[in-house]
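According to TrEMBL:
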BINDING   14-19, Lys54, 70-71, 146-149, Lys169, 174-175  ITP binding site
BINDING   Glu42, Asp70  Mg(2+) binding site
Amino acid sequence: MATTSEKKKLVFVTGNKNKLAEVQSIFKDVIDIDSHKVDLPELQGTSQDIAAQKCKMAADIIQGPCITEDTCLCFNAMNGLPGPYIKWFHESVGLDGLNKMLVGFDDKSGYALCTIAYCEGPGHEPVIFEGITKGNIVPARGPTYFGWDPVFQPEGFDQTYAEMPKDIKNTISHRFRALEKLKAYFLD
Ligand SMILES: O=c1[nH]c(=O)c2ncn([C@@H]3O[C@H](COP(=O)(O)OP(=O)(O)OP(=O)(O)O)[C@@H](O)[C@H]3O)c2[nH]1
Ligand SMILES: [Mg+2]
């Protein structure tokens, strides 16, 4: 394992302090994460298009290499929506509203998708790393400080993301799975 002095450094451009805390915690022994707080504009499109565009803009703003990430919550009954628009759906209808969106469907399954983009700097094409965790949309349980964590119950668990200890979420989450791929890209 790398010693502290050999640790690689990465700048994570995000406006979300909860994402930053999870990324720092998952990478704590391997990669030093510096943060740069910018609320980046997000285009419409596929999760990969959105992630790539976000990262290009971030690299232009900080004039250097960086990572960004975009998170989707996808309902299978709705062919993947709200997907990248989950932030606006959550802000508009709340956790209860997210459940009510599925009232007319028997299928409550879905998945959390994390798309991390790494850009070497201005003018470079970002590289994309995806992580998926499957689960079900359930009535809210647990603390409400991070997004839709209380309504997402990962497959194989009887707790929602919000109810489970952080160190469990951080070994099964969509974010953890995408970061594993990013780590392999940098360290292997
Ligand atoms: O319960 C959750 N568990 C998670 O693990 C998680 N990760 C992100 N989110 C929320 O989903 C939306 C994504 O939108 P998003 O990717 O554009 O993020 P953001 O705008 O907050 O930050 P950023 O784009 O500056 O990085 C935002 O509402 C985030 O709060 C999560 N909610
Ligand atoms: Mg955002």
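Including glycine, each Cβ sits where the backbone N, Cα and C put it.
Bear in mind that the values here come from a model prediction, so they are computed numbers and not experimental data.
Taking the Cα atom of each, Gly147 (ITP binding site) and Asp70 (Mg(2+) binding site) are about 13 angstrom apart.
Cα separation, Thr71 (ITP binding site) to Glu42 (Mg(2+) binding site), rounded: 12 Å. Taking Cβ-Cβ distances under 8 Å and a sequence separation of 6 or more, the neighbours of Asp149 (ITP binding site) in its chain are Gly142, Pro143, Thr160, Tyr161, Ala162, Lys169. For the pair Lys54 (ITP binding site) and Glu42 (Mg(2+) binding site), the C-alpha distance works out to 6 angstrom. If you check the binding-site residues Thr14, Asn16, Asn18, His174 against Glu42 (Mg(2+) binding site), none has a Cα inside 10 Å of its Cα.
Across the structure, Thr14 (ITP binding site) and Asp70 (Mg(2+) binding site) place their CA atoms 9 angstrom apart.
In sequence order, Glu42, Ser47, Ile50, Ala51, Lys54, Pro84, Cys114, Thr115, Ala117 make up the list of same-chain residues 6 or more apart from Asp70 (Mg(2+) binding site) whose Cβ falls under 8 Å from its Cβ. The secondary structure of Gly147 (ITP binding site), as reduced to three states from DSSP, is coil rather than helix or strand. Within the same chain, residues at least six positions away from Asn18 (ITP binding site) with a Cβ under 8 Å of its Cβ are Tyr145, Phe146, Gly147.
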